[in-house]
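> There's a structure below that I have some questions on.
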Amino acid sequence: MALHNPQYIFGDFSPDEFNQFFVTPRSSVELPPYSGTLCSIQAEDELPDGQEHQRIEFGVDEVIEPSEGLPPTPSYSISSTLNPQAPEFILGCTTSKKIPEAVEKDETYSSIDQYPASALALESNSNAEAETLENDSGAGGLGQRERKKKKKRPPGYYSYLKDGGEDSASPATLVNGHATSVGTSGEAVEDAEFMDVLPPVMPRTCDSPQNPVDFISGPVPDSPFPRTLGGDARTAGLCEGCHEADFEQPCLPADSLLRTAGTQPYVGTDTTENFAVANGKILESPGEDTAANGAELHTDEGADLDPAKPESQSPPAESALSASGAIPISQPAKSWASLFHDSKPSASSPMAYVETKCSPPVPSPLASEKQMEVKEGLVPVSEDPVAIKIAELLETVTLIHKPVSLQPRGLINKGNWCYINATLQALVACPPMYHLMKFIPLYSKVQRPCTSTPMIDSFVRLMNEFTNMPVPPKPRQALGDKIVRDIRPGAAFEPTYIYRLLTVIKSSLSEKGRQEDAEEYLGFILNGLHEEMLSLKKLLSPTHEKHSVSNGPRSDLIEDEELEDTGKGSEDEWEQVGPKNKTSITRQADFVQTPITGIFGGHIRSVVYQQSSKESATLQLFFTLQLDIQSDKIRTVQDALESLVARESVQGYTTKTKQEVEVSRRVTLEKLPPVLVLHLKRFVYEKTGGCQKLVKNIDYPVDLEISRELLSPGIKNKNFKCQRTYRLFAVVYHHGNSATGGHYTTDVFQIGLNGWLRIDDQTVKVINQYQVVKPPADRTAYLLYYRRVDLL
């Protein structure tokens with residue numbers, strides 16, 4: 001008995017073709033109204049007299065088990081069809097008007113194309129078709145009539161037939177552009193035997209591949225099929241009116257056991273490559289695709305296919321799939337096209353039952369990445385096992401001010417990060433800052449997946465990007481008396497981990513529409529590092545006592561025997577005796593020393609003078625000293641410093657009795673930091689709310705001396721000249737005349753070259769000192785970085 005492989009039908013059917021395939025007495029499919037029950041098939045010998053077509057009937061009470069008495073023919077197979085409107089099947093194809101007689105007489109076809117899911121295909125058993133297949137098997141598997149139309153098919157459409165050999169199925173004629181193939185009865189027996197030795201694996205439906213892929217949302221990578229079309233597709237043999245009602249995919253409940261391609265999330269790019277259905281079980285083999293004979297299935301997405309579950313618990317649905325057992329073997333899959341290629345028959349009974357069960361969807365890479373981000377997010381200091389180690393290191397650290405010769409590297413700017421890059425270059429050129437961050441170990445993501453100190457981690461990583469500069473070449477003589485020094489900068493890089501801090505710590509600098517300001521960003525960095533170090537200190541001493549931080553012994557500032565209880569005092573307030581036995585009430589914030597305050601932290605004293613009342617003084621910590629340069633009298637940095645400490649009157653001050661009194665205020669420097677950062681306030685806010693830039697030239701020296709008149713009375717005579725003298729090592733410039741835009745660059749002193757470098761994002765070049773202190777009109781100094789000369 002000859003076995004024939006299934007014939008597949010794709011594409012739109014003309015009215016004539018529709019009548020030839022589905023309406024003629026020898027070839028028709030009659031589908032009664034859907035009853036939601038399991039299906040069965042009547043054999044040819046059971047057909048009533050005078051009835052020349054097969055009728056698909058739906059059982060009502062029970063599933064009809066396979067019977068040995070039923071003849072094995074006509075045989076049926078389960079296959080999957082793609083949307084007939086898919087471009088790869090209709091491109092360049094013309095609908096065949098005439099169908100071979102063998103097909104018209106003996107074949108029954110059904111095609112479901114709602115989605116790329118399982119299809120219903122009937123195998124032919126006619127002698128005429130067998131003769132056609134036998135004649136064409138040696139000629140590449142194409143019939144004579146269809147071979148003439150081969151040029152009209154899409155490129156590469158028949159490429160899968162080239163690999164046919166002795167073990168492959170014999171090709172057959174084409175029906176509406178698709179081929180059928182024939183195997184041997186021996187192969188079917190081998191497939192049936194192979195089925196029995198397969199281990200049980202989690203079953204699945206013929207509706208979807210083992211790795212469910214969403215064919216609706218987009219094309220599958222590495223698949224030859226583009227996105228399928230499902231909007232206007234109609235199942236062959238069904239009326240238009242019942243199409244949407246019968247085949248619309250409903251939303252499955254959570255406990256539904258049915259898996260369809262339309263409801264599964266995308267979890268990969270592979271689909272099942274080789275599988276077969278035999279005796280109600282799905283088989284997979286590495287080298288061949290086999291199909292069971294004699295089964296035609298209907299799908300019911302809501303049908304309960306678990307035999308252990310009561311029927312009353314089965315959820316309602318629309319399309320039914322009768323199934324009772326499936327054994328797919330896990331095999332890497334490629335695409336849905338593999339379901340149609342080189343199909344081989346296998347011996348089986350007419351009925352095939354496929355059991356489907358839901359399996360938890362494999363998490364997508366994006367979902368797992370988000371979970372990793374959550375796990376690698378910020379954690380409290382108490383939950384960070386590495387935090388205590390860093391805290392112990394910071395407690396014993398000694399600040400090193402020795403200059404280090406680093407190989408310069410530019411910073412790539414792919415956004416509006418020039419204000420950040422300029423600030424980072426100045427901090428890298430600061431020796432104590434560099435040594436501090438190099439003192440802290442650099443932990444990898446594996447060693448420290450969770451962190452409580454993102455700011456410290458980022459700057460430790462930044463400083464480790466820079467290494468000692470190689471021995472510089474000897475200066476060479478150029479034209480005239482100029483000495484030209486060559487510089488060999490390292491490769492530029494993009495510090496994305498630094499940029500990410502703006503969003504990780506949720507700084508206001510990350511808000512859209514804000515003007516990027518280098519001074520504001522510097523404050524963001526220094527305050528952030530200071531706060532993280534404070535939190536680490538609390539690990540070592542949770543009950544840390546509040547200590548007043550002052551420049552010098554406490555006994556020099558406070559006379560205990562002259563303290564008076566004013567009734568308004570607090571732990572942070574005391575009376576201080578100044579020159580000429582004048583007393584003042586001094587208040588200060590809770591200062592806790594950290595390595596950052598040890599580098600950049602200075603103190604200013606603000607004294608308020610009021611008639612017939614004691615002076616009131618306040619100590620404040622600063623990282624950058626704000627210098628007002630708006631006055632026309634201010635032309636140099638020294639002028640701005642003198643203006644800072646000048647005594648000013650406060651207008652409109654009244655007492656509790658609402659009497660206006662004369663009040664004045666004066667600011668002095670209480671403590672000078674090792675690294676003094678001067679901020680030239682070039683951006684002035686107007687009363688109307690606008691902002692303008694002061695483009696006036698301000699002269700600044702390389703060596704800056706802080707005069708005694710700028711210091712507080714208690715420390716004027718306690719600082720030597722070398723402790724009040726600073727040397728310039730970095731300048732941050734702002735380019736342009738606009739306050740709402742512009743560009744930032746940095747000049748830094750390179751100790752290895754004993755000269756200056758100009759760094760503009762990733763561009764590094766050598767300049768002379770004159771270009772630093774006398775910039776052109778289009779670039780104005782904005783931040784001046786000085787170091788104390790006694791620490792050089």
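The backbone N, Cα and C atoms fix where each Cβ goes, glycine too.
Annotation comment: Swiss-Prot describes Cys418 as active site, nucleophile, evidence class sequence analysis. Residues annotated as active site, proton acceptor in Swiss-Prot: His743. Summarising the annotation, Swiss-Prot assigns domain 'USP' to 409-789. Per Swiss-Prot, N-acetylalanine is recorded for Ala2, and the stated evidence type is similarity to another entry. As annotated by Swiss-Prot, phosphothreonine applies to Thr24, Thr566. Swiss-Prot lists Ser208, Ser223, Ser314, Ser330, Ser359, Ser364, Ser541, Ser570 with the feature phosphoserine. According to Swiss-Prot, the region 'Interaction with p53/TP53' annotation covers 2-99, on the basis of similarity to another entry. Look at Swiss-Prot and you will find 6-21 tagged as region 'G3BP1-binding'. Look at Swiss-Prot and you will find 126-164, 300-323, 350-369, 542-580 tagged as region 'Disordered'.
Please situate the listed features within the shown structure.
Cys418 (active site, nucleophile) carries a helical DSSP state (H, G or I).
Classification of His743 (active site, proton acceptor) by DSSP places it within a strand.
Mapped onto three states, the DSSP output places Ser541 (phosphoserine) in coil. Taking a C-beta cut-off of under 8 Å and a sequence gap of six or more, Ser541 (phosphoserine) has no contacts in its own chain.
Confidence for the region 'G3BP1-binding' (6-21), expressed as mean pLDDT, is 66.
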> Do you know which of the active-site residues Cys418, His743 has the most other C-beta atoms within 10 angstroms of its C-beta?
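Answer returned by the neighbour count: Cys418.
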> Just to verify a number: CA distance, Cys418 (active site, nucleophile) to His743 (active site, proton acceptor), in angstrom, no decimals.
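Rounded to the nearest whole number, the Cα-Cα distance is 6 Å.
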